[in-house]
Amino acid sequence: MVVAIIVMKSILQAVNFLLKGIGRIDHRNDIIIEPTNEECIISKDMRIVNYMNVKAPHLNQFKILGKGLPCMTSDVQEVSGKSFDYIIVGGGTTGCPLAATLSEKFTVLLVERGDSPYGNPLVTDIKYYGFSLLQTDEFSSIAQSFISKDGVTNHRGRVLGGSSAINGGFYSRARDNFVKMAGWDEGLVKEAYEWVESKVVFTPQLTPWQTAVECGLLEARILPYNGFSLEHLKGTKLGGTVFDEWGKRHTSADLLESGNRKNIMVLLNTTVKNIIFDSNSEGNETRVSGIRFIKSDGSSSKTHEAYLNQPKNLSRWGDVILSAGALGSPQILLLSGIGSHEHLKKFNISVKVGLQGVGHGMQDNPCITVLVDTMPAKRQPEPPQVVGIADDFRFIIEALVLPISFNASRMPIAAKIAFPASKGKLELKSTDPRQNPSVIFNYLAEEKDLQECVKMVQLLERVAKSESISMFLGTTPNRAKLMSNADQRRKLCKSSVRTFYHYHGGCAIGSVVDKDYRVYGVKGLRVIDGSTFEESPGTNPMATLMMLGRYQGIKMLQERNDNSCSQQH
């Protein structure tokens, strides 16, 4: 049991104290170690940790996150005109682990349109979970709201750490079939997941409400019961969380501590306008050489530039990597002249590469929510901790306590369709990169999705009306109130569909990027984030997005090493 925060000069001395269960080091310029009651062995170099008698040996034990965060600045002048081996646009769920990994060997500029999450209680404290969605503005709030053309309100992260700083923090891996369909190296995927989990993932402490929900899912026959697991399994389970035992959130930004901080520059409160193309490219080759950016707050319209290092050997050039999310990455491609001729012509943007697929294939998982409380009340917000994975992985059910104001909250149980058939499209609304693009998801447009929704509502009702949840609420289960026919459920689906916040697509593999995430027709440009997904992985995509940053970073380092070796021979 931790009784104090102990600050010591000697790390090894601190470990001796921690092994006796006395304390914890937690300061930004030292190794961060978090204690547990499990036995552990720590090597002399402080990098190899062995655990005994632990179900998930890499998870929720002594977490060695590194030696502090890299340099961060909001002063565009500090970066303007400088060159880097890699430039990553978007310091979000994928961008941070990608930057940390590439920094092991190369210099990296990480550009984030929002601010730092550190010191912001709306991000860090579980008691303020959900409050960031209530405080939104045009240029500076950590959550940026948007309304799709379907009329559904949604949010996107605008802070270092991205949506991992504003979401429910539920951590669960992708299903095995998702990994196989992606063509990923399964062994490396496992290593990448475990790298993330050893740093920012914890075993949740189940609350009474989540316990009641867990029992309600089992009453509804969402079986088997899988206990605690990070895997995507049929049935009911307890998942991982990025909230630690003190109720502090650990976002993907924390993963930057595992990089070489001397090689990373983080530029905050800065929005990328477009990509710079190399004017010296030979023949018909289109090659990227840097980015243009502006301050996010609108205080200045002055445009600045940063560049890729340009060694004489072109094969040693790095990349500009878009990790700006399912809205941001296709938007930046379009603003840079990569997309449909017809659409770009409307905004007087000259076409650099005609790629019809940019912005196409947008999807969001249709969600239906049931409020189990009778009226708003002042309750402590609670993120989801348990999940029901039903009907051959097709339905995902979670419950939470979500604030609707600073003085009241509601208790929704929400279900999503995991594999919707309906697809939409993203287009530019203006040439201002700080403005949201226009997007339509076409929720339930396909009859198949509507039929799935009808089945899902029936299951959702069984959970909401379970005896376990009724007992928790102090009410009597009233099964007579269950909807009696499919027509009623169809009407509910059409009138009440909303988002689960797991939207994806717009830069699909095969139409916009290749299997190595390189944009077709352009040298030195990749997209690595959820815009490349054609389905939302697992119960919640956060785990796989973090893994993807680490995974692709390792692949890129291997690729550079292989190229170097081949040239030497």
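A Cβ is built for glycine as well, from the same backbone N, Cα and C atoms used for every other residue.
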As recorded in TrEMBL, which of Cys453, Cys565 forms the disulphide with Cys493 = Cys453
Confidence over the domain 'Glucose-methanol-choline oxidoreductase N-terminal' (325-339), expressed as mean pLDDT on the 0 to 100 scale, is 98
Across all chains shown, how many C-beta atoms besides its own are within 10 angstroms of the C-beta of Thr94 (FAD binding site)?
-> 34
Cα nearest Cys453 (disulfide bond) among binding-site residues (Thr93, Val159, Val272) -> Thr93
Just counting, how many other CB atoms are there within 10 A of the CB of Cys453 (disulfide bond)?
-> 28
